[in-house]
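J.: The feature domain 'AB hydrolase-1' is assigned by TrEMBL to A:41-346. According to TrEMBL, the feature active site, nucleophile maps to A:S144. Under the heading substrate binding site, TrEMBL lists A:R214, A:D342. Residues or ranges marked as active site in TrEMBL: A:D308, A:H341. Look at TrEMBL and you will find A:R310 tagged as site 'Important for acyl-CoA specificity'.
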2 protein chains.
Amino acid sequence: MPTVRLYDADQPLTLASGQQLELVDVAYTTHGTLNETGDNAVFICHALTGDAQVIGPRTDGRPGWWETMVGPGKPIDTDRYFVICPNLLGGCQGTTGPSCAREDGGEIWGLDFPLLQMADFVTVHRALAAHLGVRRLHAAVGGSLGGMQVLQWALDHPQDLRHAVIIAASSRLTAQNIAFSAVAREAILRDPGFASGRYGETGSVPSTGLSIARMMAHITYLSEEAMSEKFGRRFQSPGRTGGGFGIDFAVESYLAHQATSFLNRFDALSYLYLSRVMDYFDPFATEGVAARAAEVGTDFCVISFDSDWRFDTGHSLRIVDQLLDSGASVTFREIPSPWGHDSFLLDVDRYQDTVRAFLSHHGPEEDGGGV
Amino acid sequence: MPTVRLYDADQPLTLASGQQLELVDVAYTTHGTLNETGDNAVFICHALTGDAQVIGPRTDGRPGWWETMVGPGKPIDTDRYFVICPNLLGGCQGTTGPSCAREDGGEIWGLDFPLLQMADFVTVHRALAAHLGVRRLHAAVGGSLGGMQVLQWALDHPQDLRHAVIIAASSRLTAQNIAFSAVAREAILRDPGFASGRYGETGSVPSTGLSIARMMAHITYLSEEAMSEKFGRRFQSPGRTGGGFGIDFAVESYLAHQATSFLNRFDALSYLYLSRVMDYFDPFATEGVAARAAEVGTDFCVISFDSDWRFDTGHSLRIVDQLLDSGASVTFREIPSPWGHDSFLLDVDRYQDTVRAFLSHHGPEEDGGGV
């Protein structure tokens with residue numbers, strides 16, 4: 001996977017907090033070809049635990065995380081668009097984050113890594129797009145945390161984007177949303193293996209905390225209906241009648257599996273930093289923040305799923321209302337799907353079609369804007 | 001608080017699993033006076049983390065857990081009824097449980113304590129009622145796990161009960177219900193302080209696991225609406241703008257407080273044992289299980305709260321359907337309340353009135369049955 005050093009000591013990254021990062025590497029993938037006018041690029045922002053591998057195969061043969069949406073002939077058509085997907089700032093899949101070294105060969109950041117805001121993701125995304133020669137994006141697209149980044153981008157720099165696609169996202173977490181994240185962080189922070197964030201040096205791993213965080217999150221990613229459909233009260237091993245504290249029910253096996261595979265690919269410090277950005281995200285708290293998007297004419301597409309209880313349709317409708325109140329152009333659709341929040345990653349009737357149609361409304365164009 | 005030894009080596013408790021317990025002490029409180037015919041008793045079954053102190057004051061001055069429902073002139077009127085409330089088997093508030101000694105002065109049970117079933121709670125409850133001279137209960141009443149005990153009692157021994165009041169309960173947990181409990185148990189079991197259940201000997205405490213379990217549970221006890229109303233996105237200390245990993249939001253402070261106070265009063269092994277009983281509870285899996293209750297004429301009152309998402313109204317309606325299909329007499333009411341599952345502990349319009357009216361339909365009576 002390509003990695004580019006976008007910021008260094010000569011040209012450090014200034015964060016929204018005013019703090020600076022003197023070394024930022026960004027891992028990314030691209031698919032398709034940038035056209036001569038530099039305006040057929042679609043920028044994909046991944047969710048909390050995603051990565052740059054939007055389509056595969058990965059080095060270990062596994063598929064990418066959004067094969068249903070991206071590829072030749074898919075809604076985000078790599079025969080037509082130049083698709084860019086980086087790992088985000090603060091992540092742990094190739095882009096600089098809290099478990100990276102402060103400088104080449106230096107010590108690991110740990111909890112000394114500066115706190116991030118949604119705008120920081122956008123700053124780095126913009127720099128990557130410019131680095132790749134993009135003049136103006138045809139679209140930025142993202143689900144969940146990815147959708148929140150797209151919203152921030154469109155509000156702060158609408159001239160960069162012709163289309164903004166915001167899927168299963170929120171402009172302001174509820175107390176319950178924050179509570180779930182708070183418990184997850186607490187499980188990580190209190191795991192002795194976390195070692196005050198120095199586990200990269202001690203060789204310990206906060207595997208219990210990260211497992212608990214992931215298992216709990218997975219409950220919120222699936223609708224109750226989908227869990228009942230997939231697992232019900234089925235026993236993992238038929239014939240069980242006892243009731244110990246191990247894995248008796250199929251749903252327990254599912255959670256344990258999700259936890260284990262997560263440990264192999266995700267980092268505890270990134271979990272803390274990225275989830276906290278979501279808690280604080282509240283762009284519409286700034287009066288008139290959507291006015292420029294309306295002026296520039298960025299087209300928004302906001303999509304929710306009817307069984308999503310992590311970010312239910314109310315979250316999307318709030319985004320729609322705020323945008324419409326500012327005079328922006330907004331398409332909204334609630335997609336019927338039984339799979340809950342996870343729906344944004346799945347092959348759901350009408351969902352892919354909605355994205356395809358929205359991106360096709362206007363082809364790559366020639367007027368205005370620039371990254 | 002009185003404690004009685006209901007089982008000993010001469011007369012051990014035989015559990016539903018066939019295993020025996022040779023020493024069972026039961027802590028309980030009573031309020032009011034048993035009438036001469038021994039049929040004005042109301043038996044209260046507490047929920048997962050409740051205790052025998054249904055009304056206070058406790059030794060430390062705190063009130064009991066159900067002051068809104070029980071007391072002179074309250075719906076469960078101690079001027080009229082003889083109210084009995086024990087701590088349940090497997091608990092940690094005076095009744096024998098997994099953190100108790102196997103025998104007087106002996107070693108602590110830990111994970112060698114036998115696995116329990118809902119019927120075991122009922123066996124011990126019946127023995128206590130008989131010990132106290134009750135001939136037939138005017139009613140058994142319980143919320144959440146307490147309601148599940150009442151249901152089991154009424155199905156297995158309907159002659160014991162004139163009325164059965166089942167509040168915010170379930171006859172069969174969903175995959176999501178089980179999943180939340182599974183993650184809570186995992187947090188406890190994987191806490192190094194748990195020490196394979198021998199923490200009573202080592203002096204360690206699985207405080208992280210128990211805290212995580214409690215915080216997560218509290219999210220499910222409140223409706224999202226109630227959490228938004230109570231906490232919203234308010235900061236705990238006004239003027240904060242940063243975003244660290246400590247307690248920034250009011251909802252985080254609430255969860256931390258709940259966790260801390262829980263550690264002072266609850267036991268990790270009890271959490272494992274009691275929550276697992278709920279996972280396995282499925283009385284209507286036995287064909288015709290409600291037939292005797294219909295025959296004997298036990299009156300059921302099933303109550304749900306419209307904002308309860310831990311055991312939503314669907315759980316109560318399933319109980320109602322199963323009972324009605326067997327010809328039992330059932331009153332059902334869904335109570336409007338914004339507070340979620342916690343509503344069963346609160347002063348909610350119509351709720352207390354519903355219980356009062358149901359218990360008053362027929363006064364303590366003279367015919368049939370016996371504990």
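Cβ atoms are placed via backbone N, Cα and C, with glycine included.
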J.: Can you give me the Cα-Cα distance between A:R310 (site 'Important for acyl-CoA specificity') and A:H341 (active site) in Å, rounded to a whole number?
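T.: Given the Cα positions, A:R310 (site 'Important for acyl-CoA specificity') is 6 Å from A:H341 (active site).
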J.: Check the Cα distances from A:S144 (active site, nucleophile) to each of the recorded positions A:R214, A:D308, A:H341 and keep only the ones within 10 Å.
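T.: Correct set: A:H341.
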J.: Which whole-number value in Å describes the distance between the Cα atoms of A:D308 (active site) and A:H341 (active site)?
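T.: Rounded to the nearest whole number, the Cα-Cα distance is 4 Å.
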J.: In sequence order, what residues of the same chain, 6+ apart, have a Cβ less than 8 Å from the Cβ of A:R214 (substrate binding site)?
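T.: In sequence order, the residues whose Cβ lies under 8 Å from that of A:R214 (substrate binding site) (at least 6 apart) are A:Q258, A:A259, A:F262, A:F266.
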J.: Ranked by the number of other Cβ atoms within 10 Å of their own Cβ, which of the recorded positions A:D308, A:D342 ranks first?
T.: A:D308
J.: For A:D308 (active site), what is the secondary structure state per DSSP, taken as helix, strand or coil?
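T.: Assignment for A:D308 (active site) reads coil.
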J.: Validating a neighbour-count step here. Other CB atoms within 10 A of the CB of the residue listed as 'active site, nucleophile': how many?
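T.: Excluding its own Cβ, the number within 10 Å is 27.
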J.: What kind of secondary structure is A:R214 (substrate binding site) part of, going by DSSP in three states?
T.: helix
J.: Non-local Cβ contacts of A:H341 (active site) (under 8 Å, 6 or more apart, same chain)?
T.: A:S144, A:A168, A:T220, A:Y221, A:L222, A:F305, A:D308, A:W309, A:R310, A:F311
J.: How does the model score the domain 'AB hydrolase-1' (A:41-346) in terms of mean pLDDT?
T.: 96
J.: DSSP on A:H341 (active site), three-state: which is it?
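T.: The residue in question, A:H341 (active site), is helix (DSSP, three-state).
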J.: For the residue listed as 'active site, nucleophile', just give me the three-state DSSP call.
T.: coil
